[in-house]
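Per TrEMBL, domain 'Glycoside hydrolase 35 catalytic' is recorded for 64-377. The active site, proton donor feature in TrEMBL is assigned to GLU212. Residues or ranges marked as active site, nucleophile in TrEMBL: GLU286. Marked as domain 'Beta-galactosidase 1-like first all-beta' by TrEMBL: 436-536. What TrEMBL records for 562-621 is domain 'Beta-galactosidase galactose-binding'.
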Amino acid sequence: MRVKFVLKYNLLARLFGSLMKVSFGGLSKTSLAWKNPGTGPDLRDHPQRARMKRVEGLRANSSQFSLEKQPFRILGGSVHYFRVPRTYWEDRLLKMKACGINTLTTYVPWNLHEPERGVFDFEDDLDLEAYLRIAASLGLWVILRPGPYICAEWDFGGLPSWLLRDQNMKLRTTYSGFTDAVNSFFDELIKKVTPYQYSQGGPIIAVQVENEYGSYAKDDKYMPFIKEALLSRGITELLLTSDNKDGLKLGGVKGALETINFQRLDINEVKYLNEIQPQKPKMVMEFWSGWFDLWGGLHHVFPAEDMISVVKEVLKLNMSINMYMFHGGTNFGFMNGAFAVGLPAPEPMVTSYDYDAPLSEAGDYTTKYHLLRNLFSSYHNQPLPELPPTQERRAYQSVVVQQHLSLWDSLHSTEKPFKSERPINMENLPVNNNNGQSYGYTLYETVITSGGTLNSKNNIRDRALVFVDKQYVGVLDYKVQELVIPDGKGSRTLGLLVENCGRVNYGTTLDEQRKGLVGDVELNSNVLRGFIIHSLDMKPGFVNSLQTTGSWVPMQQQPSFPAFFQGKLYVNSSPKDTFIKLSGWTKGVVFINGRNLGRYWSIGPQQTLYVPGPWLHKGDNQVVVFEEQEADGKLQFISSPDYGMTVDVQ
């Protein structure tokens, strides 16, 4: 375990500032705290209709926020709807309300809402309007953070990968290729959320302009563009920006209140915020209640007593605060980001986004939750709601793997392979209606006539399993860039199965996040040409189509890797949450009933994957595991998570 690396990394993270995204929450004893939201809008059917007359929304005209011209303190908490099964949205927000939080903050992930250019998805688990209606019905205000960039430890900071098909793309600038795409997305998004603004009887009291732009700051015309993009489409509520202390110097925009992000309180940072905005409310938009984890590192914890002491000090300073995260949830699928600031190469984030937050990944109360509830209760004029019950969990009987399917035998279920003289990065492949491949794996095959030294020229993004005639040879990645290919007779097929491990979500390298083979690969200093390229994005349609193939082999026969493994989880009553543990497996992805639970990797720290009960059903549930190198014959289900060895956030 790389304790030294993790501690060094934590120091770097402090130096380079805010990696985490947050929002606000809090109340003053004299505020209208619950009065307005609870008795206000019923938005389930009529988002524009409120039961009470509204005169003036959230204002920042003095040293304290006001709402309806009454003093108001934001006690906020971040819960991202896209990291929580829809069935549990209300449960998580009820627990937020019971903690004494009055304001929900959430990002909006562009990459999920517009997976292909011009194709928009706001249904089911991405029904943002339904999420806003639930918040309103529970009496929670909302601070919306629509991006277009969100960071969030989310792949590419929420930007859609098809933007990278433009070789000249300049992200987060006023480059027309980017602004045209933003305008198209905002045309769809903003019209959905404007009816939920406070002035329309809805819960949205503030909207954030972009996100931590001061840490990027490549175009001084960009923030005014984003601000105008919001205003011109009907956003009328208070505008905010969010930055760490260093970012405050470059991240603001005229007409928006600047807020600050941190974990440890430095009074000089608060003084600086006051200096650049005298007689304005002070708010910690992202108070990092924990931290994220990287594969190969340790599980970060921020001690509860340290957390609560900072929150107390912030409130004593008459500031508003938003807990980032209040409830982290999960990076389901391939949606984890990667961290690169101060590191020689990007390090991908784990699947869990538990974040050591007050509400755990599975929605359980923690010591942090109870400390916050006790503290926040003193900022309310009436008792807090009773605690909602926690979800039951089950340690289901282990699943015995019944059959396996070689990766090579699954290729007929993918889109038609593409022939190219040169390697092509996944985003520029002619798949997904010419939007390229966003996530997963890409297989590059070419013919070789000798063995020797294979050199990646550091053009593999991010990790490649290397095969000769389907026999595993080794791994190439950022650290290992050369591999010896054994000699053999005649022509043989060289295969490189390249995994996109997650795009960087923070820092100045966003323009460089193309994945797959991003340049030439050499064998004995000769450039390889003549590729056949298979796209393996492992979408639900592909995973489900595997069931109809006749190439599955019983486990009595030795599997060849990589391979898909299949078993059935039997649930004999109402399904409950559980965790899958893959002891004896090495690295891959788990699908249950066609849903991608995310990646696992034996190097840790994370050793379990969260399985939401609502994604199961009574009877047989289909479990499919894509494993790269080594498989056990069974899959364990346990009732508690294992996030690995811990280290305190420094």
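Positions of Cβ are set from backbone N, Cα and C atoms, glycine also.
Predicted automatically and left uncurated, TrEMBL annotations should be read as such.
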Round to a whole number and give the Cα-to-Cα distance in Å for the pair the residue listed as 'active site, proton donor' and GLU286 (active site, nucleophile).
11
Helix, strand and coil counts within the domain 'Beta-galactosidase galactose-binding' (562-621) (DSSP):
3 helix, 34 strand, 23 coil
Test of understanding: give the count of other CB atoms lying within 10 angstroms of the CB of GLU212 (active site, proton donor).
27
Near the Cβ of GLU286 (active site, nucleophile), how many other Cβ atoms are there if near means within 10 Å?
32
Can you count helix, strand and coil residues in the domain 'Beta-galactosidase 1-like first all-beta' (436-536) using DSSP?
3 helix, 51 strand, 47 coil
